[in-house]
Amino acid sequence: MVTVSIEKVWKIYGRIPAVKDLNIECANGSFLSILGPSGCGKSSTMRMIAGLEHISAGEIRFDGRRINDLAPKDRDVAMVFENYALYPHKSVYENMANPLKLRGQAEVRIRERVLAAAKLLEIAELLDRRPQELSGGQKQRVAIGRAIVREPKLFLFDEPIAHLDAKLRAHMRGEIRHLQRTLGTTVIYVTHDQLEAMSMADRIAVMHEGVLQQLATPREVYNKPVNAWVAGFVGEPAMNFLDCTLEETGGQVRFVHPTFRIAVTPEQARLLEASNRAQGIRLGVRPDALTISLAKSKEESMTGRIFVNELLGGDMIVDVDLGPERVRVKTSTDFAGNEGDVCYITANRDKWHAFSKETGRTIF
Amino acid sequence: MNSIAADRAKPGAGLFRVRQILDNVEAKPVSTALTWPATLNPAASKRYYFWLVAPAVALLAFISIYPFFWMIYMGLHDVEIGSVVWNDFANFTRLPSDSRYVGGWLLLFQYSAMCLALQIGIGVFLAVALNGLRHEKILVTMLLMPMMIAPLVAGMVWYFLYNGTFGWYHWLLQSVGILGPKSILGSPDTAMLAIVIIDVWQWTPLITLITLAGLKRVPQDQLEANMVDGASPFVNFISVTLPNLYPVLLIAIMLRFMDNFRFIDSALVLTGGGPGNATKILPIYLFEVSFKFFKLGRGAAIALTLLVVTIILGMILAKVFDRLHPKRT
Ligand SMILES: Nc1ncnc2c1ncn2[C@@H]1O[C@H](COP(=O)(O)OP(=O)(O)OP(=O)(O)O)[C@@H](O)[C@H]1O
Ligand SMILES: [Mg+2]
């Protein structure tokens, strides 16, 4: 259990910066998720925390104590590696027992812990095998097992369940979350899967190209993204973006697009006023904040043509062409529109966002 | 919070609360009684391999298998110039009572064990020290030089270094007072060490080279995982690096012990088995029997026993390392 502070940290490989001026504070006992696309520097950050990679600039502190120069074994962290990193000449049991053995635990206790972890991860029947004889998902579970047999100060998970099947992944999400709650151990969890980050983390650090974009609760990241990039990265299906201009008539501010003119709320009008709107505005609205209908409603709406319907079990996603652009709308399965039909879309004005077209910064 | 603490106080319980995925939630897979297929498709033909290796095998048969059988034939006869006489296995039955034969074995084992221990020890140490150095390539090249020298020439060089009148080492060791009045090669105590040292000097670089290649293949991620698990660099070396080196060390040990059992060029130049019989390892004795006394039948018999022991030792070695590092696919 430890508070992790990452302060002005850089990781530079040769001349290529992979992590740029990173500042993250991870509270004692909390679950922090680092979320970002491939190559954004997530693993580099983890490796610096674990002590496997030199910290090019800045410092990392555990409970206020600088750990930059501490050897990995003295940091008391447990890590699950992206590529499993199992010991091929050891059995699954020995792999999982390794951290306890290295710390001189009694054989009885090692056995008890390993068996408990194996049971949790549903790999009890694999304990005598060697890693080469396991599937990718099984290897990954052994790697998780090796980390959780110990009670370290800090867990580092680097995409630990990326190779499991969907059902097991959902199961493991719950287990890892529960384990963290039970132990109260601080967890830093790297993933590129926003669903994982959303469902497990207390706070999410969204990274892009080595730069921290936003550090906030899942709810806040989803509802109040700091910029268009975060808004587009988080959420499935992704947020729709439409380039608009603004028009002011009769005291009403409206978004203007070739296919619609829709008024904003007075509060939003004020925020737009305050921003530099000469640059143009990008309207962002999530598929579930849109309502589609075949009949024109009294409200101001967007007029489009249905491109394709996708059935997703309980819901339906409708792709609609709005002039040159395409938006996706989430609706119920009894929506009767067919491909090619003209349709009308209204937006929930409390849930839409406006971004500066130039900088991507959120206006509201 | 209290219940968690209570849970954790109980040994063997509590920490992991196992949530089962209930059976009835999972759809049972459809099961049908399967019968084994009536015919299995034949495995892909590998017959062309035969034709690929046939020429090599034929050549080998001619230059190596034929002499091998000829050796067995000689071992069973008294071979003199112009006469070959069957002697009821006398070449073999007389061996156990030949003190120089038995002594040759003991000396050979002693010699080979010392050579191997020193070579592997120093070789691996050097490889670890060199691995990842900035000037690794240049240093390795320099290190390899002893290997490039013909063993006979190496023997001559060291002969001069050890020489009792003008040898540099002789002078050095005597001035320091380690060496008694006798010369290095002249005293039974030091002569064995002298031929061990030359073998170590010449062949340690090979071990270093092989080990370096092995070190490059040690998976970085395993080293890192072990570090995070709590290993110090030394423990890390023992528990991850070394097991990954076993296959290359096996090759190194095989090569070297077989060479020790075969190559006697430098030892022959240096001591010729002397002083007395102090360095008369079995291959040197074999050389004397066959080519000094021209007892070709007896020589062949000794050579056969040497060959059989070499093969058996090789097989044991392979087994031992297989146990340490099982390879399963
Ligand atoms: N050892 C290295 N040498 C040079 N560049 C590296 C090294 N390791 C990583 N990089 C670069 O640093 C950047 C960040 O890499 P990192 O492994 O941290 O990404 P990541 O966010 O973990 O991606 P992924 O989701 O694919 O695992 C990448 O552009 C990568 O090419
Ligand atoms: Mg990564």
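Yeah, the Cβs are placed from backbone N, Cα and C, and that goes for glycine too.
Where the annotation comes from TrEMBL, it is an automatic prediction and has not been curated.
Quick look at what TrEMBL annotates:
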TRANSMEM  B:48-73  transmembrane segment
TRANSMEM  B:105-130  transmembrane segment
DOMAIN    B:105-317  domain 'ABC transmembrane type-1'
TRANSMEM  B:142-162  transmembrane segment
TRANSMEM  B:192-214  transmembrane segment
TRANSMEM  B:234-255  transmembrane segment
TRANSMEM  B:299-321  transmembrane segment
Point to revise | Chain residues in Cβ proximity to the transmembrane segment (B:48-73) (below 8 Å; excluding those fewer than six residues from its ends, i.e. six or more beyond) | key: 300, 303-304
Check your understanding: Residues sitting near the transmembrane segment (B:299-321): Cβ under 8 Å, six or more positions beyond its termini, same chain?
Key -> 71-72, 74-75, 79, 91-92, 95, 101, 246-247, 249-250, 253-254, 257-258, 261, 282-283, 285-286, 289-291
Exercise for review: Report, as numbers and ranges, which residues of the same chain sit near the transmembrane segment (B:192-214): CB under 8 Å and 6 or more residues beyond its ends.
Suggested key: 107, 110-111, 114-115, 118-120, 122-124, 126-128, 130-131, 140, 143-147, 149, 151, 154-155, 158, 162, 184-185, 244-245, 247-249, 251-252, 255-256, 259-260, 266-267, 270-271, 278-279
